[in-house]
Amino acid sequence: MSPKSKSTNKTYTIVIKLGTSSICDEKTHEPLISNLSLIVETVVKLRKLGHNVVLVSSGGIAMGLRRLDLPKRPSKLSAVQAIAAVGQGRLISLWDTLFTQLRQPIAQVLITRNDIAERSQYVNAANTISELLHFGVVPIVNENDTLSVQEIRFGDNDTLSAITAGMINADYLFLLTDVDCLYTDNPRTNPDAKPILKIHDTSMVNANVSTPGSGVGTGGMKTKLIAADLGTSSGVNVIICRGSKPSSIFDIIRQESSDNKNESVELPLHTHFVAKKQGRIRDRHFWLLHGLKSHGSLEIDRGAFEAITRTNRAGLLPVGVTKVHGHFSAHQAVTVIYNGEEIGRALVNYSSTEIDLIKGKRSKEIASILGYNETEYVAYRDYLVVHGLNSHHDSQVSSDEH
């Protein structure tokens, strides 16, 4: 995996997410060839400067709608999946045609949440993208809409792009949209709305500044704020800028690469969500939080909360569990709740039935209650992540973790 750049040439790993509105006309669903060409030129320029670039591209469903001459996206999931099957091939073919003009090879990477639910699959996905970058290829990532079922979908490519950026330890995630930046209010309806240029804490941003997502896509400003939170928590700088001006990416990166940040350079309007330098989520913890679907929840008491949040934190013992919700098996992910609020995720060693029997009990009682004792912990420390407390983001993903 490409490490964070520390050398003087300041090359970066950059993920660029393109929404449907940046790829196809919202009404006719015709591909916006001129805009796509500008994006291709920008990516190739970034590559020539030594940066690694990954595209996360929406547009498969819109391309399918155009090919089948359908007026709008249907609500039935199976119909959407069929349309995606028609459009995805046409979308990647269009990208390949445009990139080929500049002799830039690309690769299609289709992902579902199920593909990264197992740790080994998550590592393989990250390593595959890493190898593509090593070969000088531009990976083009999209959710596999043809296979994803509602329960395990990422839901939108903003989320997918943030997970991809965290998975490959990217430096920047650019979310290209139909507005220049985040505003204090909707600029389409309020002429007094002010641009917000830099944000250090995503929790301080009011999602009511949002603009509506397109009728074809599933996004909107709310999903971008969620993506910004995911990205910055894993050490990725997240930037929102206008998709019709992709060259702004080049200008922003060039400014970030400059040794003189104070020089007077007029940059295009954009919003920069600054990466968290403290409390960044480690790779394994990022996978636990965002790669896995929660199958239930555990409520814990104050003693357990203090034990798992202290500096030399411990694993979760059964004595600290007060309630069990849902039906899940051993080795599945669950939400951890304290005082009615989600505080993190855990990969449990026992099923919901087993934990319900041993909750509130000391570990030495497990064998007498269950008839066996797999481990004294409900969840090991390394498979327990608490929001905002897990630091030291791994520099790379490898397959030899223990």
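Backbone N, Cα and C atoms are what each Cβ position is placed from, and that goes for glycine too.
Of the residues D145, D171, Swiss-Prot puts just one in the substrate site with S58, N157: D145. Just so you know, of the binding-site residues K222, K224, the Cβ with the fewest other Cβ atoms around it within 10 Å is the one at K222. Residue counts of the domain 'PUA' (295-373) by helix, strand and coil are 26 helix, 23 strand, 30 coil (DSSP-based).
For D145 (substrate binding site), the same-chain residues 6+ apart in sequence whose C-beta sits under 8 angstroms from its C-beta are G60, I61, V80, Q81, A84, Q88. If you average pLDDT over the domain 'PUA' (295-373) in this model, you get 91. Looking at K224 (ATP binding site) and N157 (substrate binding site), their Cα atoms lie 9 Å from each other.
Straight-line distance linking the Cα atoms of S58 (substrate binding site) and K222 (ATP binding site), rounded to a whole number, equals 17 Å.
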